[in-house]
Every structure is written in C-alpha cells, then in structure tokens.
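Asks: Sharing the feature lines straight out of Swiss-Prot:
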type	residues	note
ACT_SITE	C125	active site, nucleophile
ACT_SITE	C221	active site, cysteine persulfide intermediate
BINDING	A31, M32, S33, G34, G35, V36, D37, S38, L57, G149	ATP binding site
DISULFID	C125-C221	disulfide bond
SITE	H150	site 'Interaction with tRNA'
SITE	Q361	site 'Interaction with tRNA'
Amino acid sequence: MNAVAPLPLPADAADMFDLPRPAAESRIVVAMSGGVDSSVVAALAHASGAEVIGITLQLYDYGAATGRKGACCAGDDIQDARAVADRLGIAHYVFDHESAFREDVVEQFADDYLSGRTPVPCIRCNMGPKFTDLLRMARELGADCLATGHYVRRVAGEHGPELHRALDPARDQSYFLYGTTETQLDFLRFPLGDLPKTAVRELAEAAGLRNAAKPDSQDICFVPDGDYAKIVKTMRPEGGTPGDIVHAQTGEVLGQHKGIVHYTVGQRRGLEIGGQPEPLYVVGLDAAASRVKVGPKRLLAVQAASVIETNRIGPLPDVPLTAKVRSLAKPVPITLDGSLGDGATTRITFEQPEFGVAPGQAGVIYAGDRVIGGGWIDSTESAA
C-alpha cells in the first residue's frame, strides 16, 4: 500500500480540530459514514498527528426496510469506510445500531407521515444515534473530541462554543443540527465547515481515498429511491387507506386519494383533480378522517407557527432573529414570543407571510450565521 501523501491544507491540520493538548498526545474519534466528507475528516485527523479511531454505525438494512432482498446500501457504505480506514492505517470499529435507529428514527418517520405531518428524520438521527450514542462511544474510547463531516462551523464565543452556518451556503447543514446541546458542542468538531465541496474532493483525491468521486447522497438514507410512501405503507399498511380530496374553502369533494402518506403540505403534483379554475395545492391533511384538503396557493401563506420541544444553544442575543422552516430555504426575519430551550414551546411570527410551512418540520432560529436553536413546528396560523 502506498503511503498517504501530505495533504494540500489551507491551515495546519491540528488547528482544524482545536485540540485541548498537543496533537501527538491526543485521540480523535471520527464518525465515518462511508461518504467522501467523513472520509476526508478522517484523513485530516490522521494528518494532524493525533491518534485516530473511526466509528461507523450500521443503522439500517434497506432490503429489510422495503422488502427487497439483497439491497443493503448500508453494507456498501461500511465497506467504503473500512477501506478508507485501512488506507489511512487507523483503527475502525462498526457498531450495530439498527434496532435503536429503527425505533427512534424510522418508526417515528412512519408515524409522522401517518398523522399527516412532514417529518425530518435526519434531525432525529442527529439528536439520537449520531450524536448521543457516538459521543458516548467516543468518550468511552478516551477521545479528546468527536469529529464529523457535517458542513457547519464551531466558533469560539464569549460564552463558549457556538454553532454557525458553513461558509459555503450551498453545503450548509446547520438546519439539521439545531438540537445539538452545549455539552455536545463542546466535544464536537466540524473541520469541513470552512471548506467548499470542491476542496474536500481535492483532498480526498490527494489522500488516495477510493470514494473520492462517490456521489453525494440525495435522499433520506433509509429511503434511497425517494419513495417515502412505499416504506411507510410497508411499515404502516393503514397509510394506504383511500379517502376524499376536498376543497378547503367550499368543502366540495373533488376526488379520491390513495392514502394520505402520498401527500405533504404544499404539494401540487399527483392530485389528479383536473378541470379546476385555478391551480390547487395540498393545504392541510386530516389524518383522522383520511382527508386531503386542497386550495389555492394563497391558503399556504403562514403568519406564525407554534414550535414545541425547543432547544437553545447558548444565550439568546438581543439582536434581530431569522428562521428557516426547510433546509434549503433562506432564513427570513421573525419575532420570537415565549421561552426558547429546555423543551419549552415558543411562537415565531414571520415578518412576511411564509409559504410551505407544515407541522412536523423544524423551525430553526438564527442570529446572523449563528444557530440559536429551534424545535418542531406543531401548528401554524394562516396569513390568508
């Protein structure tokens, strides 16, 4: 095996991990998913001179989840992670977390869809297996920190570490990490937060990693084909119960649907209710009655939202705040009414009506680039 060449780094590798002691005396645990991002983090950690241990969680078997045989995407990712660890000459451990992942993430995903909500399972995964469990393992292994391939920044603040958006807005993943606690953030490191994706792939090539050109994942990991309804109906057959499609304003029955799991708030395609005088969108889901409510786009305008089970990272600053209700949305100005953090319920009011806000999504609050916290959207108030 050829030695790993020195990496073309913009800074000293050890400085990218903010280690509490000299790198030669430190131990870094890296969460390795098998993708190029976490693999480059492992290469950076190795280049720092610290002892490096890679950990991969086996979270799901796609074949079992969908009823298809011999389709275990997770297994391929584990092999990629192991190959990278071998290339770098670092220890690598795989832990079976399928049962916990199914209970904490996949089952909740199915239940949310069944209740008419729009789930964000990646956030629940970060709150559970990825951070809670990995952090515990890293500490048990005597690590000085746990490093991940997330595109966010950990910035030293007046009151301790702060979570900030990545410098590359196209890669920023801060929306998914609002649930990080202050204690967790103190131990976590995100060395990719200052880098564009192009630089990360160049580093992977320089290190000779076999997954340097591996495509980015585009879908939820346990739904790689993007067919959410299929996996929900496999787990919850009642999700395929048909029902009425009704006009939210007139109450008129416009057609029939094949199960509310096929629909989310804001959806327009797939309604199969042609001949209407104006375009209609899904504006609400009545799970108890198995009813899909549709209406004109103006009914999707939301003025405020109730956000539950909130988390706060550090003190709340006395500055203008913004919020995101979808990962790819731009933060928009808001006002906050109520406590934020410790599981409290708060209310966010949008300066301008916001579209596409649905129960089950996360409402993530920012002060500039800093993530203040957030919670789950429980209900909305129409601006129409």
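Cβ atoms here come from the backbone N, Cα and C positions, even for glycine.
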Asks: Pairwise over A31, M32, S33, G34, G35, V36, D37, S38, L57, G149, annotated as binding ATP, what's the top Cα to Cα distance to the nearest Å?
Replies: 16
Asks: By the DSSP assignment reduced to helix, strand and coil, which category contains L57 (ATP binding site)?
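Replies: DSSP assigns L57 (ATP binding site) to strand.
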Asks: If you count Cβ atoms within 10 Å of the Cβ of the residue listed as 'active site, cysteine persulfide intermediate', leaving out that atom itself, what do you get?
Replies: 18
Asks: 10 Å Cβ neighbour count around L57 (ATP binding site)?
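Replies: Looking across every protein chain shown, the total is 24.
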Asks: Would you identify which of the recorded positions S33, Q361 has the most other C-beta atoms lying within 10 angstroms of its C-beta?
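Replies: That would be Q361, with the highest Cβ count within 10 Å.
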Asks: Rank aside, I only need the closest one: which of the recorded positions C125, H150, C221, Q361 has its C-alpha nearest to that of D37 (ATP binding site)?
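Replies: Result for D37 (ATP binding site): the nearest of the recorded positions is H150.
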Asks: What is the interatomic distance between the Cα atoms of C221 (active site, cysteine persulfide intermediate) and the residue listed as 'active site, nucleophile', given in whole Å?
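Replies: Per the Cα atoms, C221 (active site, cysteine persulfide intermediate) and the residue listed as 'active site, nucleophile' stand 11 Å apart.
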Asks: Taking only same-chain residues 6+ apart in sequence, whose CB is under 8 Å from that of H150 (site 'Interaction with tRNA'), what do you get?
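Replies: Looking at Cβ-Cβ distances below 8 Å from H150 (site 'Interaction with tRNA'), excluding near sequence neighbours, one finds D37, Q173, F176, L177, F190, L192, G193.
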Asks: Sorry to bug you, but what's the C-alpha spacing from A31 (ATP binding site) to Q361 (site 'Interaction with tRNA'), rounded to the closest Å?
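Replies: Rounded to a whole number, the Cα-Cα distance is 26 Å.
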Asks: Reported as an integer number of Å, what is the Cα distance between C125 (active site, nucleophile) and G35 (ATP binding site)?
Replies: 17
